[in-house]
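Trainee: Before we start, here is the structure in question, set down as structure tokens.
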Amino acid sequence: MAGGFSVSASSGTEFEAKITPIVIISCIMAATGGLMFGYDVGISGGVTSMDDFLREFFPTVLKKKHEDKESNYCKYDNQGLQLFTSSLYLAGLIATFFASYTTRRLGRRLTMLIAGVFFIVGVIFNGAAQNLPMLIIGRILLGCGVGFANQAVPLFLSEIAPTRIRGGLNILFQLNVTIGILFASLVNYGTAKIHPWGWRLSLSLAGIPAGLLTLGALFVVDTPNSLIERGKLEEGKAVLKRIRGTDNVEPEFNEIVEASRVAQAVKHPFRTLLQRRNRPQLVIAVLLQIFQQTTGINAIMFYAPVLFSTLGFKSDASLYSAVITGAVNVLSTLVSVYSVDRVGRRMLLLEAGVQMFLSQVAIAVVLGIKVTDRSDNLGHGWAILVVVMVCTFVSSFAWSWGPLGWLIPSETFPLETRSAGQSVTVCVNLLFTFVIAQAFLSMLCHLKYAIFAFFSAWVVIMSLFVLFFLPETKNVPIEEMTERVWKQHWFWKRFMDGDNHHIVYGAGKINGTNGAAV
């Protein structure tokens with residue numbers, strides 16, 4: 001999910017570019033990295049609620065689940081079980097740092113290939129797991145794949161796409177993540193009925209997106225930006241002609257060369273990132289990632305099946321409800337594709353804040369009244385209400401904090417710190433995903449229904465932050481952010497004084513070469 005999508009407004013030159021088949025195919029191939037990530041997120045919740053899987057690896061959880069002496073909210077509270085889910089994120093976090101090096105030195109294509117290999121080996125370990133260490137090693141390898149894919153794929157997409165459809169092509173990644181989650185729920189729905197090896201099938205089917213990504217990486221070309229950055233100028237120019245479907249690529253070629261020269265002049269991007277004039281972008285990027293996780297979305301998506309079975313849906317029904325939330329997720333992401341450049345970022349975030357707050361409070365109230373520690377029969381009507389509320393929540397997240405948490409950082413960093421900013425964004429995101437994944441089941445056990453009240457309080461905080469501190473960036477060219485956004489903002493402008501040494505690039509649209517600086 002690194003750097004979801006960067007949407008650019010036209011400024012200066014529009015480069016000549018046909019939308020060639022090679023671009024479309026490359027983008028579809030590359031975006032399977034998102035499919036893989038979504039599948040891994042979605043599959044673990046369903047697998048961890050399957051009895052056969054628990055019997056093999058977590059017998060204590062299985063005993064708790066069926067004896068049911070304990071509180072309803074505590075059935076799955078087990079650090080080992082949480083580690084199964086969250087080891088993936090921890091590994092991804094560490095892998096991101098290596099990936100940022102390989103993307104720069106070896107190119108985007110090779111980095112995607114490495115990701116694919118990690119995925120395939122991880123899938124083999126998971127599908128054939130005989131004991132817990134083997135299972136966790138598999139998850140860690142998948143995590144490394146996630147770290148590499150999330151760094152390379154979004155860059156690859158934004159560099160290979162013609163500027164005018166870059167936003168749409170970049171959302172492909174986010175869209176594929178949601179499709180992966182849905183696909184995982186459907187697979188779990190089917191394999192839950194296959195005893196005793198259904199869970200092996202669930203984990204092994206991740207081999208499909210893994211294979212697609214690896215094959216894709218073998219066949220696609222590397223991006224011109226990446227080739228030029230590594231000094232292969234002629235090859236870069238030849239590729240540029242192929243993907244743009246025209247021989248007239250001089251203006252874009254020269255701009256990429258210039259951008260890559262400027263990027264190489266910055267020796268310590270991470271140090272530059274900490275300078276005072278880069279503070280607003282950094283603060284916003286980091287806070288957006290933290291807020292994206294504290295909406296409670298991953299908690300709900302990971303553990304939807306577990307959550308619903310805790311609320312007393314039978315296990316079949318709970319996978320079924322997870323499929324519904326997955327479908328809502330996919331459809332709502334499409335809403336944001338359509339509306340983000342029309343109504344703007346702030347509008348979407350604020351509207352969703354209200355919707356998320358109301359639905360979480362409603363869930364907390366229903367659970368508070370209906371689900372006590374012992375009795376968990378929600379009753380048919382109430383159960384439907386909870387599913388509807390979860391869907392309301394998921395849909396508002398999917399057209400706001402989901403994609404925008406990635407979009408806004410990727411469009412606000414200036415070129416010379418974009419790659420460093422991207423790494424920080426991915427890391428903070430995976431770190432908080434890990435923390436929430438590791439803590440959620442224990443929090444559910446101790447806070448009970450108040451966990452939704454906890455998340456809704458965060459929603460209020462983040463909406464206030466957006467209201468006062470997040471400037472609107474819709475239709476502002478990336479290189480004009482400083483002048484048009486930060487220097488105009490009532491709070492952030494104080495960080496911009498004395499900003500005379502800001503490098504000004506050529507009149508062209510440098511964000512067409514988004515990521516040459518990576």
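Yeah, the Cβs are placed from backbone N, Cα and C, and that goes for glycine too.
Annotations per TrEMBL:
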- 26-474: domain 'Major facilitator superfamily (MFS) profile' (DOMAIN)
- 21-39: transmembrane segment (TRANSMEM)
- 80-98: transmembrane segment (TRANSMEM)
- 110-129: transmembrane segment (TRANSMEM)
- 135-157: transmembrane segment (TRANSMEM)
- 169-189: transmembrane segment (TRANSMEM)
- 201-221: transmembrane segment (TRANSMEM)
- 282-306: transmembrane segment (TRANSMEM)
- 318-340: transmembrane segment (TRANSMEM)
- 347-369: transmembrane segment (TRANSMEM)
- 381-402: transmembrane segment (TRANSMEM)
- 423-443: transmembrane segment (TRANSMEM)
- 449-470: transmembrane segment (TRANSMEM)
Trainee: Out of 169-189, 201-221, 423-443, what stretch is closest in contact terms to the transmembrane segment (110-129), meaning most Cβ pairs under 8 angstroms?
Mentor: 201-221
Trainee: Report, as numbers and ranges, every residue of the chain located at least six residues beyond the transmembrane segment (381-402) whose Cβ falls under 8 Å of a Cβ in that stretch; write 'none' if there are none.
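Mentor: Apart from its flanks, the transmembrane segment (381-402) reaches 174, 178, 288, 291-292, 295, 297, 300-301, 304, 308, 311-313, 321, 324-325, 328-333, 335-336, 339, 348-349, 351-353, 355-356, 358-360, 362-363, 366-367, 370, 462.
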Trainee: Thinking of Cβ pairs under 8 Å, which stretch from 21-39, 80-98, 169-189, 201-221, 423-443 has the most of them with the transmembrane segment (135-157)?
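Mentor: Ranked by Cβ pairs under 8 Å, first place goes to 80-98.
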Trainee: Looking at the stretches 21-39, 80-98, 169-189, 201-221, which one shares the most CB pairs under 8 Å with the transmembrane segment (423-443)?
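Mentor: Of the candidates 21-39, 80-98, 169-189, 201-221, 80-98 scores highest.
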Trainee: Below 8 angstroms Cβ to Cβ, which residues of this chain, lying six or more residues outside the transmembrane segment (169-189), approach it?
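Mentor: Apart from its flanks, the transmembrane segment (169-189) reaches 1, 3-7, 27-28, 31-43, 46-47, 50, 153-154, 157-158, 161, 201-202, 205, 209, 301, 304-305, 316, 319-320, 322-323, 325-327, 329-330, 333-334, 336-337, 398, 402-403, 406.
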